[in-house]
Amino acid sequence: MKRIGILTSGGDAPGMNAAIRAVARKAMHEGLEVYGINYGYAGLVAGDIFKMDPITVGDKIQRGGTFLYSARYPEFAQVEGQLKGIEQLKKFGIEALVVIGGDGSYHGALRLTEHGYNAIGLPGTIDNDIPFTDQTIGFDTAVNTVLESIDRIRDTAASHERTFVVEVMGRGAGDIALWAGVAGGAQDIIIPEHDFDVKAVADKLRTSREHGQKHAVIVLAEGVMHADEFSEKLSEYGDFHLRSTVLGHVVRGGAPTASDRVLASRLGSKAVELLLEGKGGVALGIEKNEIIAHDMLDLFNHKHHAMLDLYDLNEDLAY
Ligand code: ATP
């Protein structure tokens, strides 16, 4: 194998650039040529492909987003789209690929592997919703970004004795809300993976107000409902001086944390090692601080589970 390609696909996440850098630098270190593919599978099909050198990935490790851009390209789910992509791989002499993205992107990578082009997936998403990895690239940064906002909101909540409902990203997963909620001392954390009772949330608020704690932050995962809707439901049970804040895409941006950069670097380097061993159709993750490869097919048959013991922990600590 002489030439590999790299692409980022699906939602961007801080640390993707660090992963691209790691793949490129490790591959070049091993004597491979590396091609960057812009705009995910859309760019692959369009032939938006360029040769990288060690400088291409210089000064990128600290940047959020992905300098290879990302795109959604549903046409790649069809064989026709995949064959167009393969034509481009042939044209550029690319023999194998690293795909950084979520599970949708992994499906594309598996299809390429089935067509004879080994592809390895790296988990790049802030949502942490991929099975067989304790963390995804971007998750730690997103949690820290939310935490910084919660700390700020707490200042104003305390000054006006208000209750804030803070909605955070995460799609169908509550991981960002859970981690940021525990770290930020949230009064309650509302996530899709756990039942909730608005009246119980209201009762808890009332009790803590009676005990002298006159402000509160409730962290709400976007997968449950909109912050305004939750505030409206809560206001039916009393006047808690409610305000709602939706953090939105702020949570996706920013410089990756050290943890995300190190994770991305380890995953990127391992992906190249596996490609050199002739492996494809696997996704990498970190489990108990070890980089592990899992068959993509196996991964599609499993669900990610949020750490619900963090939910219970918060119930014990916040009242
Ligand atoms: P995120 O979790 O951030 O949304 P993702 O990788 O799951 O990331 P998707 O939009 O689901 O995001 O998928 C990204 C791209 O992967 C799609 O736009 C498409 O090009 C490709 N893709 C998705 N599903 C398939 C599939 N079944 N077969 C081939 N390619 C696919």
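Counting begins at 1 with the first residue displayed.
Cβ coordinates are placed from backbone N, Cα and C, and glycine is handled just like the others.
TrEMBL: automatically predicted annotations, no manual curation.
Summarising the annotation, TrEMBL assigns domain 'Phosphofructokinase' to 3-275.
Non-local neighbourhood of GLY102 (ATP binding site): SER9, GLY10, GLY11, PRO123, GLY124, THR125, ASP127, ASP129, ILE130, each in the same chain, at least six residues away, with C-beta under 8 Å from its C-beta. Among the features that TrEMBL reports, ATP binding site is placed at GLY11, ARG72, TYR73, GLY102, ASP103, GLY104, SER105.
Cβ-based neighbour count (10 Å, all protein chains) for ALA22 (ADP binding site) stands at 27. Annotation source TrEMBL lists ADP binding site at ARG21, ALA22, VAL23, ALA24, ARG25, ARG154.
Residues or ranges marked as Mg(2+) binding site in TrEMBL: ASP103. Annotation for ASP103 (ATP binding site): same-chain Cβ neighbours under 8 Å, separated by at least 6 residues, are ASP129, ILE130, LEU299, PHE300.
According to TrEMBL, the feature substrate binding site maps to THR125, ILE126, ASP127, ARG162, MET169, GLY170, ARG171, GLU222, ARG243, HIS249, VAL250, VAL251, ARG252. For ARG171 (substrate binding site), the same-chain residues lying six or more positions away in sequence with a CB closer than 8 A to its CB are ASP127, ASP129, GLU222, GLY223.
For ASP127 (substrate binding site), other Cβ atoms within 10 Å of its Cβ number 27. Taken from TrEMBL, the feature active site, proton acceptor applies to ASP127.
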Distance [Cα-Cα, Å, rounded] between VAL250 (substrate binding site) and ARG154 (ADP binding site): 18
Close-lying binding-site residues around ligand 1 among ALA24, ASP103, THR125, ARG154, where CB distance stays under 6 Å: ASP103, THR125
Among ARG21, ARG25, ARG72, ARG243, ARG252, the most crowded of the binding-site residues [Cβ within 10 Å]: ARG21
Among ARG72, SER105, ARG252, which are recorded as binding-site residues, the nearest neighbour of ARG25 (ADP binding site) by Cα: SER105
Three-state secondary structure, which DSSP defines for GLY102 (ATP binding site): coil
Nearest of the binding-site residues (ARG72, TYR73, GLY104, ARG243, ARG252) to ARG154 (ADP binding site) - Cα to Cα: ARG243
